[in-house]
Structures are given as C-alpha cells and as structure tokens.
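Enquirer: OK, TrEMBL features for this one:
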DOMAIN    12-158  domain 'UBC core'
ACT_SITE  C96  active site, glycyl thioester intermediate
REGION    211-245  region 'Disordered'
COMPBIAS  235-245  compositional bias 'Basic residues'
Amino acid sequence: MATNENVNLSAKVIRDLARELKNLDDSPPEDIKVYVNEENFSNVTADIEGPHGTPYEGGVFRMKLILSNDFPQTPPKGYFVTRIFHPNIAKNGEICVNTLKKDWKPTLGLRHVLLVVRCLLIEPFPESALNEEAGKMLMEDYEGYAKHARLMTSIHAMKPKPKSKVPIAESTSVNAVSTDDAHTPLMHNSANKDNTLDNSLCVGISDTVATTSPTAKKPKGELTSAKSLVDKRKMDVRKKSLKRL
C-alpha cells in the first residue's frame with residue numbers, strides 16, 4: 001500500500017480540497033462517511049457501508065484515496081484498508097476501476113470517485129479482475145462467490161454489536177423485590193432457605209413471590225392443624241392465668 005507521507009500540493013489545490021471535504025462532511029453521499037485529516041489533505045479516508053442485497057451487506061469497509069503531487073491532473077490511488085473478497089480489489093487492497101485510470105478527468109471530484117467505488121460493490125466487473133480467484137468464481141459459481149464474500153465480510157467488516165443493558169425499570173423492580181424480601185419474617189426466610197441456596201437469584205425471587213402471594217390457598221388439612229395449634233396455645237395461656245389466681 002502507498003505510504004502515508006505528505007505531498008506538496010499547491011495552495012489552490014489545498015483550498016479546493018478543503019472546500020470539497022467540507023461539502024462531503026456537510027452533505028455526505030449515501031452510506032459513505034468521509035474523515036478529514038487537516039494535517040494531510042493528500043490522504044483521504046472514508047467508510048463505506050456494504051450495499052443492501054449484496055454479499056457485503058452489514059459490513060463497513062474503510063478505504064483511502066492517496067493524492068499525488070500533481071493532483072488533480074493525475075487521478076488518486078484508491079485502496080481498501082478493510083479486507084474484502086471482490087474481483088476488482090486486489091488482495092493488497094488496491095482498487096481497479098477505470099475512473100481512477102484511463103477515464104480520469106481533472107474536473108472529477110472526490111465525491112464522484114467515492115460513489116463509483118460504492119457502485120463497484122453493487123456491480124463488480126470480473127472481466128478486468130485484480131483478484132482473479134474472485135473474478136473466476138463470480139462468473140462460474142456466483143453462489144460460491146457470494147458465500148465466500150459474506151464470510152470475509154462477517155470476519156473483517158462487521159460493525160461491533162452494542163452491549164445490552166438492563167432497563168432501569170427492570171433493575172428497579174428486581175431491587176424492590178429484594179428489599180421486600182429482606183424485611184420478611186424469620187419464619188418465612190427459613191421456610192425458603194433451601195430454595196434460595198440451591199437455585200439462582202431470579203428463581204429464588206420468583207419462588208419467594210409465589211409463596212408470599214395473598215391469593216395462594218393452603219390445603220384444608222394444613223389449615224385445620226394450624227387452627228388446633230392456636231386453640232392449644234390459648235388453653236395453655238388460660239391455665240397459666242388461672243394458676244396465678
């Protein structure tokens with residue numbers, strides 16, 4: 001790949017580039033983001049999102065345009081920084097497209113170049129392939145080509161997925177259940193001791209809520225034995241009171 005060194009661009013070319021780069025930043029092309037390096041206008045970086053319906057969909061591909069000393073009389077050189085499986089992009093990242101070669105005109109701007117490169121992802125030209133393997137596979141076995149291109153996209157170009165966060169409402173709800181459980185009677189805690197130790201926190205919480213539900217019905221025999229125990233305690237209290245008299 002070309003070096004990252006500064007080149008001696010004329011003051012007029014720098015002014016024109018600054019104007020165009022500002023325009024690209026204010027009104028970017030579809031699915032293209034340009035990054036401006038104010039210290040080196042000869043090195044333009046852009047991210048291109050893989051077009052829908054192509055093997056590159058879902059990926060983000062970084063590319064560079066390297067401008068020479070006599071730009072815009074000579075075309076920039078284009079390179080993909082992100083690895084990609086494409087007939088017109090060499091394994092070292094070099095881009096092969098006529099706009100950057102024989103069809104170049106000084107009046108063509110960077111916007112035009114970026115749009116052409118994006119179109120190349122939609123419609124490759126295997127007849128003028130830099131990556132012969134990709135070109136041959138595209139013409140002879142498109143399904144195999146698309147499968148390999150998707151694999152390369154998934155490995156090298158996929159955007160990282162954002163980490164999932166627990167919603168505030170859900171977190172508050174869990175904390176509220178835990179707080180209530182801390183203030184439950186000791187008898188209730190001991191009844192669920194084994195369940196709390198043997199299961200996960202969520203299962204423990206759900207079991208606690210289930211056992212303390214006011215709508216839960218106990219078996220008839222359990223209610224009868226509990227009533228008998230209460231009556232016996234009342235009789236014991238009465239006997240003690242009579243003995244004191």
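Placed from the backbone N, Cα and C atoms, the Cβ positions cover glycine too.
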Enquirer: Can you give me the same-chain residues 6 or more apart in sequence from C96 (active site, glycyl thioester intermediate) with a CB-CB distance under 8 Å?
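Expert: Spatial neighbours, sequence-distant, of C96 (active site, glycyl thioester intermediate): N88, I89, A90, S128, A129, L130.
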Enquirer: Given the model, what does the mean pLDDT over the domain 'UBC core' (12-158) come out as?
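Expert: Mean pLDDT for the domain 'UBC core' (12-158): 94.
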Enquirer: As a quick check of your reading of DSSP, tell me how many residues in the domain 'UBC core' (12-158) are helical, how many are strand and how many are coil.
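Expert: Looking at the domain 'UBC core' (12-158) with DSSP, the answer is 58 helix, 28 strand, 61 coil.
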